[in-house]
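See structure below.
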Amino acid sequence: MQIYLNGQDHELAADTSLSTLLESMGLAGKRVAVELNLEIVPRSQHATTRLQPGDQVEVVQAIGGG
Amino acid sequence: MTELEQSDALVIAGREYQSRLLVGTGKYKDLAETGAAIAASGAEIVTVAVRRTNIGQNPGEPNLLDVISPDVYTLLPNTAGCYTAADAVRTCRLARELLDGHDLVKLEVLGDDKTLYPNIVETLKAAETLVADGFKVMVYTNDDPIVAQTLEAMGCVAVMPLGSLIGSGLGILNPHNIQIILENAQVPIIVDAGVGTASDAAIAMEMGCAGVLMNTAIAAAQKPVLMAQAMRKAIEAGREAYLAGRMPRKRYASASSPLDSSLITRA
C-alpha cells in the first residue's frame, strides 16, 4: 500500500504499524514525534497504531535553529 | 548581603535561571562547534527547530539532542519557518510530543522571507490558542509597545521584541520603543534578534532587558566559541551595570581629582 511519508509517496506492506515504519527508517528508539493525518500519535501508541492506505505521516526531530 | 552577593535570577514561567543569555543552535559548522559554543555561552535556555527527518538518513548520524541534552539545557523549541497561526500551533504540539510534554515554546510567526518580520495578526491568534492549550509561550514580536502589552495580557510568559531583523546584526535600532516596552512590562522582556556583537547585547541589558536571545551573532562570528564567551561577559556586564545604576549624563566636565589644595595657582 501507499502512504505519504514526510510529503513523499512511500510504499509499505499492508497493516504495518507505526513502530515498524519507524524501525524501517532507522528511527527506533530515537527522539522523534509522529503526526498521522494531522493528529499527534503519542509515543505510547506507536506499536498499536496500524497504518492505512493514503495515510499522511509526518516524522519530525529537533535540529539546530534560532 | 553585600552589593556583590545579591541573587539575580531570571525567572520565566516560575523557573529560575542564572544565565540571561539565551542562544540558538542554527548555522554552526557542525554539532561539535554547536556544543562548544553553547557551553562557552553559559546559556541554560537553548532554542531548537522542529523539522522532518530525512527519509534516507544514516541511522548512526549524530543528533542535535546528543550534544544539547534536554537533561542539561532547557530546550526552547521554536516555530521558525511558520507563516500562519495554524502551522505554528501544529509545530508546538509536535515539539511537546518530541520533548515528552515539555511545554515552554518560542512562538514566532513570520510575515515574509525577506525580512522575517513577525506577522502580528497571526502571532496573536497563535498565542491565544497556545496559552489556552497550556503552553508557556515566549513570543517573538516587533518592537511595538502596544503589541507587547497585548501579548503579555494574553498570558505569554515572556515577550521578545526584535532589536533589528533576524540575522541582520544591526543591533537595537529603536531603543526608545524597547524602553517603553520595558516600562510597561510585568513579564521578562528579552531582546530576540538583531544583536551583532557584544556591545549590542550589553546595551540591551543596560536598558533593563531581562535577557537577550541570539543565534547568528555567535554562529556567524569568525570564532564562534570565543564570541559565545564574549556574549556571556557582555550580558553579565550589562546586567550588572543596569543594577548598579549608571551616572547621569552631563553636558560639561566634572573633575575626578579634587580641585582644592592644588599647588597650581590659576590666574
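Cβ from N, Cα, C; glycine included.
Site annotation (TrEMBL): 1-deoxy-D-xylulose 5-phosphate is bound by B:ALA193, B:GLY194, B:ASN215, B:THR216, and the candidate from B:GLY167, B:GLY208, B:GLY238 recorded at this site is B:GLY167. On the backbone, the CA of B:GLY167 (1-deoxy-D-xylulose 5-phosphate binding site) and the CA of B:LYS106 (active site, schiff-base intermediate with DXP) stand 17 Å apart. A helical conformation is recorded for B:THR216 (1-deoxy-D-xylulose 5-phosphate binding site) in the three-state DSSP classification. Of B:GLY194, B:ASN215, B:THR216, listed as binding-site residues, those near chain A by the criterion of a Cβ under 8 Å from one of its Cβ atoms are B:ASN215, B:THR216. Each of the binding-site residues B:GLY167, B:GLY194 was scored by the number of other CB atoms within 10 Å of its CB, and the largest score is that of B:GLY194. A separation of roughly 16 Å, to the nearest angstrom, links the Cα atoms of B:LYS106 (active site, schiff-base intermediate with DXP) and B:GLY194 (1-deoxy-D-xylulose 5-phosphate binding site).
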